[in-house]
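Undergrad: Submitted below is the structure of interest, expressed as structure tokens.
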């Protein structure tokens, strides 16, 4: 992995929104640990969230087109909320905060500019991507609390495998402390990113979502500076020594989702 200094990014770096949100200053914002609460529908009789798992590898452009159409339908009230679990062929995506210098090998894999928040990330086989299309008007119109809830969903999923995932206030996503690795130059403990978050809101309906590394080829991250952070690495469940399958992770994701966001409906 590349080494260097962590660039300072705004607290909303993983978010792109077309909704009327006015973030307060950093000193006024509570920490995301304090923000987390169950992100449930306000109506007791709200329909469950549709839960779909795609087979095989999903073309990225097809996924974008599907999300755009589904978000529109959700806004219009003709489609329910949806979580869509996919895997992609190897590719890089650039969020709205991406720095061109962080794309180290542009010819390695296809590169897609996307409207989600965040910087460069990698998607590929062995990584579970969950596209989250929820109507925050039915829940809470609170972007930072929503991000904290997405992080909690990941943290509870990892806990099912006895992995302690952690938040970092200056870095959206979920991190794992690696005490077995050499300490950083400043003496702090090594930390690796195991899950990324990048979302977009369109009139309070979310899309894009989260990505958890199950067993991807971690060397593929070498073509970018992941999320603009060069002093920390990336890891996966299998890299941490867990012989888990994608199916195992999907089961854990489903249970943790219901804990944080409420009922879901599978087909």
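Each Cβ is built from the backbone N, Cα and C atoms, and glycine gets one as well.
From Swiss-Prot, here are the annotated features:
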- 227: active site, acyl-thioester intermediate (ACT_SITE)
- 116, 117, 118, 119, 120, 121, 122, 123, 196, 197, 198, 209, 210, 211: substrate binding site (BINDING)
- 16-28: compositional bias 'Polar residues' (COMPBIAS)
- 1-30: region 'Disordered' (REGION)
Undergrad: Fill in the CA-CA distance, residue 118 (substrate binding site) to the residue listed as 'active site, acyl-thioester intermediate', as an integer in Å.
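TA: Approximately 7 Å lies between the Cα of residue 118 (substrate binding site) and that of the residue listed as 'active site, acyl-thioester intermediate'.
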Undergrad: If one measures from the C-alpha of residue 196 (substrate binding site) to the C-alpha of residue 227 (active site, acyl-thioester intermediate), what distance in angstrom results, rounded to a whole number?
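TA: With the alpha carbons as reference points, the distance is 8 Å.
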